[in-house]
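First comes the structure, then the notes that go with it.
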Amino acid sequence: MVFLTESGGAAAKPGSISKNISLITLTFQNSALILIMHYSRIMPPSGDHRYFTSTAVLIHEIIKFAISLTVAIYEASKTLAPSTPATVLFEQIYNGVFSGDGWKLALPAVFYTLQNLLQYVAVGNLDPVHFQVLYQLKILTTAISSVWLLNRYLGITRWISLIILTVGVSVVSLPSAGESLESLFLHGVADHFFPRSQHELGFQPNTENSEPPAHLSRRSASYEGINSDQFQSEPVMNYSVGLTAVLIAAIVSGVAGVYFEKILKESPCHNSVWIRNLQLGVYSILAAFFGGVVWQDGSGIMEHGFFEGYNWVVWCTIVLQAAGGVIASIVIRDADNIVKNFATGISIVVSFFVSVWLFNFPVTTTFLLGTSLVLAAVWLYSAPERGRSRPAPLRIASFEKPAIERTLTPGSTPRTVDPRRLNMDPFDAKGLSSSRPSSPAPTPRQVSRTGLAKQL
């Protein structure tokens with residue numbers, strides 16, 4: 001779910017305080033969200049089970065719905081009298097949300113919910129920097145969807161940037177020189193289907209007197225306690241699962257955003273942007289509850305509980321994700337979309353250095369080359385395109401007005417004074433008359449400026 005804000009205010013000038021604050025805030029939010037979300041998926045669980053991602057998606061959708069509802073109530077209250085009862089206020093909001101073409105937002109809501117669920121899967125199986133770089137593929141899907149659904153024109157510069165972006169993402173997804181394809185795409189597959197076949201278990205010396213590690217205990221050859229062999233404190237990241245999840249999330253994000261824009265532009269209803277956010281939030285909550293909580297993790301939630309594995313890291317992830325839509329909308333309102341993409345590029349660099357420092361992220365030449373291509377493509381795509389060849393300037397031919405010979409009309413007297421000392425404009429001459437009443441003598445009809453123009 002994304003937030004919309006009205007674009008009535010003028011954009012801040014380059015270098016203004018508002019623009020700089022928006023850039024710093026969005027950069028911090030992008031970097032902090034990915035890093036904390038990744039840490040929440042690899043840290044030791046606070047209980048006997050790691051938190052369910054479907055519950056986190058549902059909670060952050062509820063938080064965004066509450067923010068939209070608060071702003072919608074405030075805006076609606078300004079249009080009503082102070083003595084208006086609360087029932088009338090809520091009835092007005094209810095009619096705005098559930099009337100008109102709000103049902104068309106059900107499909108984008110499902111897409112956004114699927115995108116959020118896939119983000120948790122991807123960031124739990126990839127490094128934060130890999131996730132951010134690969135996720136920039138949504139620019140390509142957004143551009144193609146815009147051409148397909150909105151018949152939007154893309155210049156040659158943007159098509160070149162999309163090609164560079166595709167090449168950069170492909171280079172980043174390639175394995176490094178020290179890793180094989182088999183180690184990347186098959187790493188962790190046995191861990192999901194055969195709980196006893198952990199990698200650390202295979203390297204133990206095959207001697208009878210060897211002591212088991214601290215996290216293992218001796219027992220009889222039975223399936224009792226088989227789940228205790230799972231290394232929940234150090235989960236194994238599956239690169240193939242993470243790569244598939246981030247690619248699908250990028251495709252879904254691009255299609256959902258363009259389809260949402262198409263609905264808003266073609267809609268005959270002129271609802272408030274916060275009413276639109278409420279309409280999107282209703283269907284997002286339903287999709288997150290039935291698709292995630294009930295269908296995906298229903299059995300696990302019934303066994304362990306809804307808030308199993310929650311701690312301050314998980315709550316920070318939820319709050320940052322809920323605030324992301326608000327911050328992005330403020331950036332677009334106070335600055336522009338170029339600043340938003342620029343903040344995304346800076347956050348990739350920040351996440352890179354933090355990942356090297358905290359998560360021992362290996363720096364390879366392949367990754368640096370691919371990341372540089374992606375950043376260059378983002379900058380090139382965000383740069384304003386030059387207009388087509390400027391048309392020839394319009395030339396307005398000036399014609400001299402022909403001199404109008406002044407003819408005497410019946411009842412008029414010739415002027416004996418030098419005309420250079422008199423005001424020849426008949427409209428200004430009216431202001432020179434005195435306030436004393438004059439005789440109703442017939443006066444000649446004066447020609448107006450419009451009449452003179454017609455005669456010419």
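In case you wondered, yes, glycine gets a Cβ from its N, Cα and C as well.
In TrEMBL, the transmembrane segment annotation falls on 20-39 of the listed ranges 20-39, 120-139. Note on the transmembrane segment (239-260): residues 2, 105, 107-108, 111-112, 114-115, 118-119, 121-126, 130-131, 134-146, 149-150, 173, 184-189, 280 of its chain, located 6 or more positions outside it, place their CB under 8 angstroms from a CB of the stretch. Long-range Cβ contacts of the transmembrane segment (280-298) within its own chain (Cβ-Cβ under 8 Å, at least 6 residues beyond either end) map to 1-2, 52-55, 57-58, 61-62, 64-65, 68, 97, 102, 105-106, 108-110, 112-114, 116-117, 260, 306. Remote same-chain residues near the transmembrane segment (159-177) are listed as 130, 133-134, 136-137, 139-140, 143, 183-184, 243, 362, 364-367, 369-374, 376-378, 380-381 (criterion: CB distance under 8 Å, separation of at least six residues from the stretch ends).
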